[in-house]
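Peer 1: Dumping what TrEMBL says about this protein:
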type	residues	note
REGION	1-29	region 'Disordered'
DOMAIN	311-404	domain 'Transglutaminase-like'
ACT_SITE	Cys319	active site
ACT_SITE	His378	active site
ACT_SITE	Asp401	active site
BINDING	Asn441, Asp443, Glu490, Glu495	Ca(2+) binding site
Amino acid sequence: MSEASTSEEKLPLNGRRAIPPNNSNDEENEVPEMEAFGLIPRGFNPRDYLRVVDIYMFKEPHEINKQEHHTDKYYNPRLIVRRGQSFQIQIDFNRPYKPETDQFWLEFLMGRYPQQNKGTYIPILVGNVLKPGQWGAKIIQRENNSIRLSIMSSTTCIVGKFRLYVAVWTPYGILRTRRNSATDTYILFNPWCQLDAVYLDDEKEREEYVLNDVGIVFHGNAEDIKSRSWSYGQFEENVLDACLFLMDKAELELSGRGNPIKICRVASAVINSRDDNGVLVGSWDNTYAHGLAPSAWTGSVDILLEYYSSKQPVRYGQCWVFAGVFNTFLRCLGIPARLITNYSSAHDNNANLRVDFFLDDEGKVDTRLTKDSVWNYHCWNEAWMTRPDLPVGFGGWQVVDGTPQETSDGMYRCGPASVQAIKHGHVCFQFDAPFVYAEVNGDIFFTRMEKNGTQVVESVDTTRIGQLIVTKAVGRDAMMDITEEYKFREGSDEERLALEAAVMYGVKKQSTEDTTYQPQTDVDMDFQVQKAVLGHDFKVTITFRNKSRNSYTATTYLSGNIVFYTGVTKSEFKKHSFNVKLEPSSSSSFDIMIKSSEYMSELLEQASFHFFVTARINETGKILAVQKATVLEIPTLRIKTKGEMVAGKEMSVIVEFTNPLKQTLENVTLRLEGPGVLRTIQKQFGRIPVNSTLTWEVKSIPMRPGLRKLIASLNSDALRHVYGELDVQIQKP
């Protein structure tokens, strides 16, 4: 025996455990076909005993197993079943099976070091009854040389890919079937089974949160909600294997993979590339060298498959991309999941439930001192599961977030945190509830720094943060407002109580007592931004209401900023100061024009502006401050189809776009995808001159009948976040 092979067979020893960690679903061990009990007599012929000729798995999409287990949509030739529910296989022997003398059993194995007490080696004896939620097998049919078995898996069994062997007992040893990957069996979570930790009792919700492979991302801001479709594609070819690979990458012990809490926690870290070379590299600085701009992706499949094949982080993602990929991962494994958007999401660097905007003497925001930011919106996920690790009542939807914002236990990850615990302020329960609580609650403080270092709070906005929390409605393409699942009504007694609980459990709440705060009461100021289309002029209207009997003059300052959707300023493009006279007991309005030439050259991809208006009442020295984000209307792509739409027949998809800007678009890229209709296609176009229309025709052969969605995106140097979509009904052939 060569040196290499002997060293390979020795297990790496360490003082703590006899067996190395078993954290790869992909690796295998050698299983002997003949396991002798001792010396084998010379005349022994294995052919004299019962021998397995063939195993039939009923694994086609139209056959009983995939139909009953709701796994018929997976593009995967192997058997895929859900745990805690029986499935059938047929074994053909070389002769009729005799229960009196023949003895055989099944073995399911996972990983390189299968062990029975870890759930990675599962021997199943054939019995007379199946107990719900426990491993077992019974014969339901015998015919000639064949038997048909009904097999029940445990409701807590590991989720992943098992190898199947049939073992036959002989007096001299155990005979096993040869390794055959065609009999590999994937076992997934089962939201249809009452004993499973992810059981969801509403069929319409299961269809949406587990089986729907297309969803909606809501973005923009609360006053101007935008939406776009996202293809989750959890059933597409190789996606299931890619999702199992993520757990291998995160080095999650196989024995922990039956627990949705553990899976969510490690997945929230491995979805981003920070500290573990996970799936996606985040980039928020508008430069996307050697990768795809986050706005160009139309779905998760390309990202997961690229990562699975290259094993290198994919460039680039922002919050909705992380959330889209995370949703695919959860639904693919059978954990009910939905994508959430929180409008005006606080990124509170010191988690004191207070977002500080510091103003200088003139009332302008001091970017040097202001460290917190309010994201126009932030996307995360909710996963549905019981929480046996928490007191009763905190199961159900759990927040998980794959966007790298802050570290948790030393890694960039977040969750699972119980939505119910966040609502009631019980943020002492793991994981990361205080961080999520601060994202949806908290106040914005406008604080002026005096020359002597004292802080004067000029105004406090208690309603803006977490003002609207939404997700896609069940069973239709609409928005569902779920704000009340996260918080009580603003200003209600329950809301105060929840806040007090959160503070008691360690959320830092900085009070206004330690700063001087004298709100201005006799003059109100607000402003409105006209709905505007990208590339056009629009106006901002500032309104004062003087409720006093005094005449005042106010020095007013408007600052217009181009911002990332995270609320971080890129540049100030508009400064405007003016003096106004405020007559007693009256209102007055003032318009300021914003020209497209002022903002177009600076514009970022999400066309987000942030306006600050501050006014100093000269007679009293009081400062009024209001801030608002606004998003421009971005033109959309038009999608049409040509020819009849029948599964298995060629059809054409046509994408059109007219350039609405006063400039030529350079480096234009189009992407088109539609699960079940066509694989993602990308095409580069050099440029689109002003007012020109680009037309792109793609031929495809749809695979599956039913209602499908086509999703397209356009990306260029000057214009991003351009989308189009179309519902198509594919007929049966």
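Cβ coordinates come from backbone N, Cα and C, glycine included.
Note that TrEMBL annotation is computational and uncurated.
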Peer 1: Find the shortest Cα-Cα separation between Glu490 (Ca(2+) binding site) and the active-site residues Cys319, His378, Asp401, and name the residue that gives it.
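Peer 2: Considering only the listed active-site residues, the nearest one is His378.
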Peer 1: Which ones in the same chain are close to Glu495 (Ca(2+) binding site), with CB under 8 Å and 6+ residues apart in sequence?
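Peer 2: Lys487, Phe488, Arg489 - these are the non-local Cβ neighbours of Glu495 (Ca(2+) binding site), listed in sequence order.
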Peer 1: Restricting the comparison to the active-site residues Cys319, His378, Asp401, which residue's C-alpha is spatially nearest the C-alpha of Asp443 (Ca(2+) binding site)?
Peer 2: His378
Peer 1: Same chain, not part of Asn441, Asp443, Glu490, Glu495: whose C-beta falls within 8 angstroms of the C-beta centre of the Ca(2+) site? Give them in sequence order.
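Peer 2: These residues sit around the Ca(2+) site: Gly442, Thr462, Thr463, Ile465, Gly466, Lys487, Gly491, Leu499.
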Peer 1: If you measure from the C-alpha of Cys319 (active site), which of the recorded positions His378, Asp401, Asn441 fall inside 10 Å?
Peer 2: His378, Asp401
Peer 1: Among the recorded positions Asp401, Asp443, Glu490, which residue has the fewest other Cβ atoms within 10 Å of its own Cβ?
Peer 2: Glu490
Peer 1: Including all protein chains shown, what's the count of other C-beta atoms within 10 A of the C-beta of Cys319 (active site)?
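Peer 2: So the number of other Cβ atoms within 10 Å of Cys319 (active site) is 27.
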Peer 1: Check each residue in the chain of His378 (active site) that is at least six apart in sequence and keep those whose C-beta is under 8 Å from its C-beta; list them in sequence order.
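Peer 2: The list for His378 (active site) reads Cys319, Thr341, Asn342, Ser345, His347, Thr403, Glu439, given in order along the sequence.
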Peer 1: In sequence order, which same-chain residues at least six apart have a C-beta under 8 angstroms from Asn441 (Ca(2+) binding site)?
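Peer 2: The list for Asn441 (Ca(2+) binding site) reads Ala346, Leu353, Ile465, Gly466, Lys487, Leu499, Ala502, given in order along the sequence.
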Peer 1: How many of the residues that make up the domain 'Transglutaminase-like' (311-404) does DSSP mark as helix, as strand and as coil?
Peer 2: 15 helix, 41 strand, 38 coil
